[in-house]
Amino acid sequence: MGIIKFDKVTQVFGDLYVLRNITVQLTERRIAVIGANGSGKSTFVRLINGLQLPSHGFVSVDGLDTKNDAKAIKHKVGFVFQNPDNQIVLPLVEEDLSFGLKNLKLSKEEVKERVDEILQRYDLQNFRNHAVHLLSGGQKQLVAISGVVAMKPDYIIFDEPTTLLDLRNKRLITQVIEELSQTAIVVSHDLEFIRNFDRVLVFDKGEIVVDDIPLVAIKEYIRRMS
């Protein structure tokens, strides 16, 4: 089993303390991170894959330090942004799915095999040559997730993956995340979405104020917000 460790992590931007002395270990398969806007949750997950580096303390993924092993960690930790338009870089679905794989220095045959596999897995075969900008919000998000899954990281971070979606597409993305073999760490405001997770971290003013199973954590979060 893999492990993500935060050891006395503080994150400061100017005079603003975004995270304060966070020490935690993550080992569960489905972990939700919730809290009010500005509570530090997005900064927390961005520290995991090295999108940000801690001002103080250490973050490690399976023993690799984010400050010293950035390249290895980027291969181990995938990241899905809230808005798929910030992630999809090429105009056609197949081109975009192939883009990240080519950065792994795979052969043409290996790239094609992985793209074919992921298109079939998520029932996207008919969209192979479609223009991404013509897809629905849910389809775009599925393409963005597919691109990350195809790279076979050990962990995938999702930053508000259902915020921009209607109910039907929320259910689709929820199912996709539930069926992942990788560890999923999900930032979300959607409490219904995270009810079946293994663990929930509640952030407030840069600190983890609740760390428990969903039933307990969500109840306490609602109490604090009321």
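Yeah, the Cβs are placed from backbone N, Cα and C, and that goes for glycine too.
As recorded in Swiss-Prot:
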DOMAIN    4-222  domain 'ABC transporter'
BINDING   GLY35, ALA36, ASN37, GLY38, SER39, GLY40, LYS41, SER42  ATP binding site
Per-residue Cβ crowding (10 Å cut-off), top of binding-site residues GLY35, GLY38, GLY40: GLY35
Neighbouring C-beta atoms (10 Å sphere around the C-beta of LYS41 (ATP binding site)): 27
Across the domain 'ABC transporter' (4-222), average pLDDT on the 0 to 100 scale: 94
Remaining residues near the recorded ATP site, that is with C-beta within 8 Å of the centroid of the site residues GLY35, ALA36, ASN37, GLY38, SER39, GLY40, LYS41, SER42: PHE203, ASP204
DSSP-derived structure type at GLY35 (ATP binding site), helix or strand or else coil: strand
DSSP-derived class (H/G/I helix, E/B strand, else coil) of GLY40 (ATP binding site): coil
Fewest other C-beta atoms within 10 angstroms, as judged across ASN37, SER39, SER42, which are the binding-site residues: ASN37
Those residues of the chain, 6+ apart, with a Cβ under 8 Å from that of ALA36 (ATP binding site): ASP204, MET225
